[in-house]
Amino acid sequence: MMKSMALYSLTLAFFFLSGAHAAKITFTNNCPYTVWPGTLTSDQKPQLSTTGFELASTASSAIDVQAPWKGRFWARTLCSTDSSGRFSCATAECSSGQVSCNGNGAVPPASLVEINIAADDGFNLPVSVATQGGTGECKSSSCPANVNAACPAELQVKGSDGSVIACKSACTAFNEPQYCCTGAFDKPETCPPTNYSQIFEQQCPQAYSYAYDDQNSTFTCSGAPNYVITFCP
């Protein structure tokens, strides 16, 4: 099963399920600037051989993932190392102090790619995921729009120069149950789309715009596909 992207909890996420024994995941940076992808293995399983790396503009890099595996990928931006040697980023920071995230996840807002290779929230940059090979509904999932340009002032994250560098979800910005689908709003019947989630939905129709937004986001891709993750598609 392949679910496309999620924007609730400040993230944009993709979910995949395939019957692969192993998969190659290729990262391509089409952004006009360097990004620093991070990786996180879920369920307290061992981390991948790399948990963070630098990816220059127009460059590509690949890693092999052994099934079963579940986890997430994202790209950090505006990163630097200070005089003490501590590495940090303005968006999607993993707070490890290093280029490697070492088991830490991204601080939202971040455009997340979540992949589940089975044995059988917010936004910071455009991203897409495509399959190579496989059988069934092996569709691409993409949010190529610059959501930052449409982000309401109350959700904006601004850089040191005053420009909008990321867009929070309403859940993170306000931490209220009706936006986070928690408490009395923890069911699809009680947590409908909001004006904020609809902004993301309009920009990225394939995306999850809130917790229960999955009607157009589930596909099935089997037969051991590989995956290509592209930043700024």
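Backbone N, Cα and C define each Cβ position, glycine as well.
Within the set Cys138, Cys143, Cys151, the cysteine that TrEMBL bonds to Cys221 via a disulfide is Cys138. Here TrEMBL annotates a disulfide bond for Cys167; of Cys151, Cys180, Cys181, the partner residue is Cys151.
Disulfide connectivity taken from TrEMBL links Cys181 to one of Cys191, Cys204, namely Cys191. Per TrEMBL, the cysteine from Cys79, Cys89, Cys94, Cys204 that shares a disulfide bond with Cys143 is Cys204. For Cys143 (disulfide bond), the spatially nearest entry among the disulfide-bonded residues Cys94, Cys101, Cys151, Cys171, Cys191 is Cys151, judged by CA separation. Checked against Cys94 (disulfide bond) by C-alpha proximity, the disulfide-bonded residues Cys138, Cys167, Cys181, Cys191, Cys204 yield Cys167 as the nearest. Between the C-alpha atoms of Cys89 (disulfide bond) and Cys101 (disulfide bond), the distance comes to 12 Å. By the criterion of other Cβ atoms within 10 Å of the residue's own Cβ, the least surrounded of the disulfide-bonded residues Cys89, Cys151, Cys171, Cys191, Cys232 is Cys232. Checked against Cys232 (disulfide bond) by C-alpha proximity, the disulfide-bonded residues Cys151, Cys167, Cys191, Cys204, Cys221 yield Cys204 as the nearest. Counting every protein chain shown, the number of other Cβ atoms lying within 10 Å of the Cβ of Cys181 (disulfide bond) is 20.
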